Amino acid sequence: MLKNNINDSKNLDRTFSIAPMLDWTDRHYRYFARLMSANALLYTEMVTTGAILHGRGDYLTYNQEEHPLALQLGGSNPVELARCAKLAAERGYDEVNLNVGCPSDRVQNGRFGACLMAEPELVAECVDAMKQVVDIPVTVKTRIGIDEQDSYEFLTHFIDTVMAKGCGEFIIHARKAWLQGLSPKENREIPPLDYDRVYQLKRDYPALNISINGGITSLEQAQTHLQHLDGVMVGREAYQNPYMLAQVDQVLCGSTKAVMSREAVIEAMLPYIEAHLQVGGRLNHITRHMIGLFQGLPGARAWRRYLSENAHKNGAGIEVVKLAYQSVQTDLVAQ
């Protein structure tokens, strides 16, 4: 009845995905991203098992429009992870992903994230526990190594061990993580990228679905990686320059639909914003994710400034978004 074969994860199109990013990839950002790309696989922020099982809020809320959508879990207790995976499947998530890549001290203190690379048998046990109770893909996001344990053999031992319990999809951040001495931000920038190691992994494990993450800033770079791998996961660039998503379907996925204009994206966001405001939400909960929409264009500064100065004010409504767009048009005319 349950899907426990190694190819489960190939049921989803993994050509392009947006990385789970704490404080960034919340449900408002994901709705915004989905407007621009129908094909991108979206990920939640990492949610800990403790938050889901014992927290007061509902950490699994999302909009139906966000599909396909994966829940990223942080944890290392197989029983708790299985409970959370089952809840995710019952709520309609399309995938559960285990975080084995975050190097922050807080995450390490909870015994999850990148430090779990040193315990591949435990990761395998966690994957197995989740796969036993769900029929959606269970995947792992990890690094190419940790600290001085950064040999190719270390990575393949990890892959072999976790794969043996049925994990058929790995998202590899092509940097190792330093567990001490670097901040999470520094761990995304200082350890050198080694794309060739991830390419080699795909050559050695052709049956696995392998996506690459780390330092990817354009769809042209994504196309290059896709010559070697099954998928590309983009993080910061997809947030800071979100309009790159508007061409994902056409450039990477073969869509013949017209590329959505920035103006059309803004117009499509207005009903969503209004609905959020009507239930007591604040405008800046949503517009903070839209700040980079005009990245690289004349008017980008005017857009950012107007939203930053006005969206947080009490009573701010959609007129703020409209006026911000007018300021962009004024700058464009001035050019």
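Cβ atoms here come from the backbone N, Cα and C positions, even for glycine.
For the FMN site, Swiss-Prot gives PRO20, MET21, LEU22, GLN72, HIS173, ASN213, GLY214, GLY215, GLY235, ARG236; the one candidate out of LYS86, LYS141, LYS202, LYS257 that the record lists there too is LYS141. By the criterion of other Cβ atoms within 10 Å of the residue's own Cβ, the least surrounded of the recorded positions LYS141, ARG188, ARG236, ARG304 is ARG236.
Calculated from their C-alpha atoms, the gap between CYS102 (active site, proton donor) and LYS141 (FMN binding site) amounts to 9 Å.
Maximum intra-site Cα distance, FMN binding residues PRO20, MET21, LEU22, GLN72, LYS141, HIS173, ASN213, GLY214, GLY215, GLY235, ARG236: 20 Å.
In this structure, LEU22 is the one among the recorded positions LEU22, CYS102 with the smallest number of other Cβ atoms inside 10 Å of its Cβ. In the three-state DSSP scheme, CYS102 (active site, proton donor) is classed as coil. The CA atom of LYS141 (FMN binding site) is located 5 Å away from the CA atom of ASN99 (site 'Interacts with tRNA'). Take the Cα of ASN213 (FMN binding site) and measure to each of the recorded sites ASN99, LYS185, ARG188: the nearest one is ARG188.
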